[in-house]
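Enquirer: Sharing the features that TrEMBL gives for it:
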ACT_SITE  B:TYR154  active site, proton acceptor
BINDING   B:GLY12, B:ALA13, B:SER14, B:ARG15, B:THR37, B:ASN89, B:TYR154, B:ALA155, B:ALA156, B:SER157, B:LYS158, B:ILE187  NADP(+) binding site
DOMAIN    B:6-185  domain 'Ketoreductase'
Amino acid sequence: MSNPSNTEERVKKIVAEQLGVKEDEVKMEASFVEDLGADSLDTVELVMALEEEFETEIPDEDAEGITTVKLAIDYINAHLD
Amino acid sequence: MSLEQKIALVTGASRGIGAAIADALGAEGAMVIGTATSEDGTSKISERFAEKEIKGKGLILDVTHEGSITSVLEEIRETYGPLTILVNNAGITKDNLLMRMGNDEWFDVVNTNLNAVYHLSKGCLRGMMKARWGRIVNISSVVGSMGNGGQSNYAASKAGVAGFTRALAKEVGSRNITVNTISPGFIETDMTDTLLEDQKALMLSAVPAGRLGKPEEIAGVVKFLVSDAAAYITGENIHVNGGMYMS
């Protein structure tokens, strides 16, 4: 159901909004903490925002592994169909 | 009225300090959900609210039961909207000398007074983070700071609440969410009514104010802490005890 390029756009948009960065800074390999300046609470909020956007629940164990833009996109693509 | 449009949850609101807190927040215009462990308690809350023209009602909540907490929070969210004021007030005592204390006495007190604060705060944070505004007020006790013979369980749970408050305040400070503790001294409630007269007299001799406090004198501090005037106070433990303990 979810079209991969669309997922990428939606994830990048949310990352930009949540972390207060420009969308063109949100590169695939960008790490939320190291490259985009997120603190640990920002990453929790980011996961909350992704859960809402994609109407899914991301368990804490999985959330901890989502540290880059690409990992977020891959996670959504793998868990939504 | 300053709390118009705000939704507040007050645990243990059927009597004593919790009842005064619920009424005070309601008088400021908040929608208040007061919890009690029995139908009798919740109907008392609902009746009191109706009489005082406070928006909100009483709900049954067993704070030691995670499932009960989850369903009450969900019900509030669905019926009223996002909860942004949480007052963790429900508390019990089961006094005994440590050498005579049973595991039940220890765990019951810690479950109600401390573990419930963990579950409830965690359950409310998402909504507060989204709203970028929140107030958590935890009711501790002077005993958490001073200690009191026969109350090792109670003192541990109440000191735990103050530590929890400081840590959580640091975690969520950047999101306009404040977390504070109030430590009441001797307040006129059912909890202090059970004390013997000579126990009471002995305690009062240690209170410079020379009297027990009133539940409303705790409620007034809660009202202040949830107001915008207190936005810069967080992680604090405010003692309200007529001078019996000064930190």
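Cβ coordinates are placed from backbone N, Cα and C, and glycine is handled just like the others.
Can you walk me through where each of these features ends up in the structure?
Expert: Under 8 Å, Cβ to Cβ, and six or more positions away along its own chain, B:TYR154 (active site, proton acceptor) finds B:THR93, B:LYS94, B:ASP95, B:VAL109, B:ASN113, B:SER141, B:VAL143, B:ASN148.
When Cβ atoms from all protein chains are considered, those within 10 Å of B:THR37 (NADP(+) binding site) total 20, not counting its own. Classification of B:THR37 (NADP(+) binding site) by DSSP places it in coil, neither helical nor stranded.
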Enquirer: Would you mind giving the whole-number mean pLDDT across the domain 'Ketoreductase' (B:6-185)?
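Expert: Mean model confidence (pLDDT) across the domain 'Ketoreductase' (B:6-185) is 97.
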